[in-house]
Amino acid sequence: MKSFALDGLAAAIVDLDGTLIDTLGDFDVALNRVLREMALPSITRKEIERMIGKGSEHLIRSMLAHVGAAPERFETAWPLYQQYYLAINGQHSDLYPGALEGLRALKSRGLKLACLTNKPTAFALPLLLDKGVADFFEVTFGGDAFEKKKPDPLPLLKTCEALGVSPSATLMIGDSSNDARAARAAGCKVVLVTYGYNHGEPVHAVDADGFVDSIAQIQAGA
Ligand SMILES: O=C(O)COP(=O)(O)O
Ligand SMILES: [Mg+2]
């Protein structure tokens, strides 16, 4: 079993989609419902997977471009998407194997935990509750919590501030180049999971401190 050990850490910031929870099923159902409602062609899971990770507005704009719809149709698609996503949030999603065990291990080693996602906060909070992991996190911030989203370092710096830890003692656990770039720019360590969504690109090509096949393989000590 591959593992990744890192000492001297005070906190871990965990990404949501593609890292903690496999949400592709929820995206698939909500997005295709929007497309049906707008009389537009459907989109496959594989195509959706490449568009996840840069926030929901980006996702909707990419989806409309992909099916050949005019950019102005965002105004109709956006409220529909929010309504449909919230209606099914979590019903087609599952925690990844090792996620729960991994969070427990990090917590028992005394690390402070935060969840930082580009997903809207209003989607992230009920989802974490539904999957029984909300209480692991001292704070949870969505893509609308700050002026900038990952890959900008601002959300990570603000999350470190909220936890009261320094970026250099903080590990970002993510699934994409977005997470890694944000972590590097913020001065955090970064480990990427190998099973996530990385915009359709091979994750091993991303500049990171390590790669794991499950969050449970991270052995971070304080
Ligand atoms: O774009 C999204 O909604 C997913 O974002 P995340 O990978 O930062 O959780
Ligand atoms: Mg992600």
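Using N, Cα and C of the backbone, Cβ positions are placed for all residues, glycine too.
Among the features that TrEMBL reports, active site, nucleophile is placed at Asp15. Residues or ranges marked as Mg(2+) binding site in TrEMBL: Asp15, Asp17, Asp175.
The secondary structure of Asp175 (Mg(2+) binding site), as reduced to three states from DSSP, is coil rather than helix or strand.
Within 8 Å of the centroid of the Cβ atoms of Asp15, Asp17, Asp175, where the record puts Mg(2+), the same chain has further Cβ atoms from Leu16, Gly18, Thr19, Leu20, Ile52, Gly53, Thr117, Gly174, Ser176, Asp179, Val193, Gly196, Tyr197.
Around the Cβ of Asp175 (Mg(2+) binding site), 26 further Cβ atoms fall within 10 Å across all displayed protein chains.
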